[in-house]
Amino acid sequence: MDDFSSISLLSLAMLVGCYVSGIIPLAVNFSEEKLKLVTVLGAGLLCGTALAVIVPEGVHALYEEVLEAKHHDMGDIHKAKDAETGAEISAAHEHDHSNLHAYIGVSLVLGFVFMLLVDQIGSSHMHSADDPEAARAASSKITTTLGLVVHAAADGVALGAAASTSQTSVQLIVFVAIMLHKAPAAFGLVSFLMHAGLERNRIRKHLLVFALAAPVLSMLTYLGLSKSSKEALSEVNATGVAMLFSAGTFLYVATVHVLPEVGGMGHSHKPEVGATKGLSRLEVCALVLGCLIPLVLSIGHQH
């Protein structure tokens, strides 16, 4: 199968898988208590996915080429038995590794700061509304969706860059990594929007935009890359950088929007019953379970 057919199939699978997993909370009618529990589980899935799947996958993609090159060079050293050459090569690898460490931090921080700026710009436009609380809630819904769409778009670029390397194994690894977190993310996004009180038709539109972002960007990236730019991309390891940038956006959405929103849900329930602000024990268990599920899935998906 040629690269174009494989990237088309992977994009289609990504679109269908993401949309179907996002529809699940909409298809089932939850009571208010159960919806809260599902929302907390979704928040846990978003956080666990960011930390246990996306960051490690991005780091792995970044280091993969260097480790392979090092492996080949070590073989050459053993053949040559030349101590001086060996020292030079190991020094070059130390330099490579220090560069890669910088890439990791810069990509994560840029993703986080990018979403922070988008959030501030979005909320500054919203503050002119009469009801500041309603404006904040509306801004939160938009930012959450926008953050996940930006994240999905960066995923799409990563998959498109991986497809342009013509290595099926790299494509499949990136695809599996993306699917492992897109399904929980779609579930988390829809349950969060349901809790925020968005109408079902609008939730479906948000979900469709999120589901389309990665497939469309992966196709555009693959088709838009010329041969020379493909070589340049493989040199700077665009797949790893794009995944880490998307991890930064994902972390922002999970920690700054979804978690505080979920943590502050206690006050929306029967205020007279008592000051049960924060989460109940069952909700804490659901949150922890949500964080652990992506971890277990990622352990099962060994390279």
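Here the Cβ of each residue, glycine as well, is placed from N, Cα and C on the backbone.
As recorded in Swiss-Prot:
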TRANSMEM  7-27  transmembrane segment
CARBOHYD  Asn29  N-linked glycosylation site
TRANSMEM  35-55  transmembrane segment
TRANSMEM  102-122  transmembrane segment
TRANSMEM  142-162  transmembrane segment
TRANSMEM  172-192  transmembrane segment
TRANSMEM  206-226  transmembrane segment
CARBOHYD  Asn237  N-linked glycosylation site
TRANSMEM  240-260  transmembrane segment
TRANSMEM  282-302  transmembrane segment
Problem set entry | Chain residues in Cβ proximity to the transmembrane segment (206-226) (below 8 Å; excluding those fewer than six residues from its ends, i.e. six or more beyond) | 3-4, 7-8, 10-12, 14-15, 18-19, 22-23, 141, 145, 148-150, 152-161, 163-164, 178, 182, 185-186, 189-190, 193, 198, 233
Problem set entry | Leading contact stretch, 7-27, 102-122, 172-192, 240-260, 282-302 vs the transmembrane segment (35-55) - CB distance under 8 Å | 282-302
Exercise. Which one of these stretches, 7-27, 102-122, 142-162, 240-260, 282-302, has the most C-beta pairs shorter than 8 Å to the transmembrane segment (172-192)?
Worked result: 7-27
Problem set entry | Long-range Cβ neighbours of the transmembrane segment (142-162) (under 8 Å; 6 or more residues past either end) | 7, 10-11, 14, 18, 61, 111, 114-115, 118-119, 122-123, 170-171, 173-175, 178, 182, 185, 189, 192-193, 206, 209-211, 213-222, 225, 233, 238-240, 242-243, 245-247, 249-250, 252-253, 257-258
Seminar exercise, completed: Cβ density check for Asn29 (N-linked glycosylation site), other Cβ within 10 Å (all protein chains) comes to 7
For this session: Translate the DSSP assignment of Asn29 (N-linked glycosylation site) into the three-state scheme.
Result: coil
